[in-house]
Each structure stands twice: as structure tokens, then as C-alpha cells.
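The structure appears right after this line, and notes come after that.
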Amino acid sequence: MPASSPGHMGGSVREPALSVALWLSWGAVLGAVTCAVALLIQQTELQSLRREVSRLQRSGGPSQKQGERPWQSLWEQSPDVLEAWKDGAKSRRRRAVLTQKHKKKHSVLHLVPVNITSKADSDVTEVMWQPVLRRGRGLEAQGDIVRVWDTGIYLLYSQVLFHDVTFTMGQVVSREGQGRRETLFRCIRSMPSDPDRAYNSCYSAGVFHLHQGDIITVKIPRANAKLSLSPHGTFLGFVKL
């Protein structure tokens, strides 16, 4: 078999290489054209969207006509839903107003003792009070009495810490007003005979309808009663409900 010449073998090798190069070139050109077309399409769509947004901004909305309220179409489509929404909004506003009024009506007064006075002729010891917590103007402490300025339902609480060897001690909380005097509540405690152990507290509480002008007093039905003047041992308080 005759041997091939060197020139013929070189031409055969160069022809496939040239074909590959041509295919790669055409592929690159085709890819570039495709990218350019895609960019043109995207640019066209973007310009179209910008024109649409500009038109909507000038017209005020996609379907809003001149003089038409924004909620009109929704009202026409689902009036029951909007009616329920309006009712809920009104209910929330009413609750907010009632809450504000309710908060304004609250009065609080907490009193602690500053001194005691004893009336030997009536066998009574009275406590002189001072406020340590006060909110509102419905109540006012005046010496040994508390005056009610605002009619309403009140939580009333009272405690006296005794240090006395008298066999029984207690407190009486009374109201005077509208031409009569009445006892709201009373508390009685037995006392130890040993002076070192003669401590006992008397606590009472209740809910009462107090009227403007009522006078509230706390009395210990013993002359020269011995009791604690500490704010955590003896106190008197009112909370309007």
C-alpha cells in the first residue's frame, strides 16, 4: 500500500479543525443575536409598563372614575362586608368612649394614721388620718373623718393593729349622712393578757353605695386604746368601682 505524502496528511487534519472553528463562530454570533433580541424585548416591555404606571398615576387608579369614591366599587360588590366593618368600627369607638368615661370616674384614697385622740367621756378612741395615695376628687380626708364628694359604689376597707391587754378590742366604721347615722361594719378581736404578746389586727372590708355629703369615721370603742400607728398595721381606704 502506497504511503501518503506529508502534505496530504496535513490538509486532512486542518479541515476538521477549520470546521469546528466555523461552528463555534456561528454559535457565538447566534448567542449574541439571541441576547440582543431578548434585551430589546425586555426594554420594550419595561417601557410599556412605565407608560401604564404613568397613565394610572395621572388617572388616579385603574378603574376610578371622576367623582367616584375609592370604596364605591367594593361597596357595590359586597355591601354586607362593608356594613359589618362599619358596625365593628362604631362598636370599637363606643367602647373607647365608655372606657375613657369609666376611667375618669375612678377615685382612690388610701389613708394612714398620724395620731389618735381619746374621748374619755364617750369611751371612744379616734384616728387622725393623712392620705398617702389619692386619685380623683371624690373623697377627702379631714382629720378623723372622710368626706364623700362623689356619689357611687365604693370598696371600703379598714384595719387597726392593736397592742392592748384589754380582753377584747375592735373597730366600728360608720357613715353619717342624709339625716341618719349607720354602722357599715365592725370587727372585734380577743387580746392576749401577756403585754409582750398582746398584738392582734382587726380587718374589715365591704362594698357600699356612698352619697355626696356622707361622712365616714373609724372609731375604737375604748378610751385610751393602744394601737399601732405604722402604715402597714393601721390604714383606711376607698376605691370607687
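Each residue, glycine too, has its Cβ placed from N, Cα and C.
Database features (Swiss-Prot):
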DOMAIN    107-241  domain 'THD'
CARBOHYD  Asn115  N-linked glycosylation site
DISULFID  Cys187-Cys202  disulfide bond
DSSP-derived class (H/G/I helix, E/B strand, else coil) of Asn115 (N-linked glycosylation site):
strand
I want to check the contact list for Cys187 (disulfide bond): same chain, sequence separation of six or more, C-beta distance under 8 angstroms. What comes out?
Val160, Gly170, Gln171, Cys202, Tyr203, Ser204
Around Asn115 (N-linked glycosylation site), which residues of its chain at least 6 apart sit with Cβ under 8 Å of its Cβ?
Val127, Met128, Leu229
Would you mind checking how many other C-beta atoms are within 10 angstroms of the C-beta on Cys202 (disulfide bond)?
19
For the domain 'THD' (107-241), give the DSSP counts of helix residues, strand residues and coil residues.
3 helix, 88 strand, 44 coil
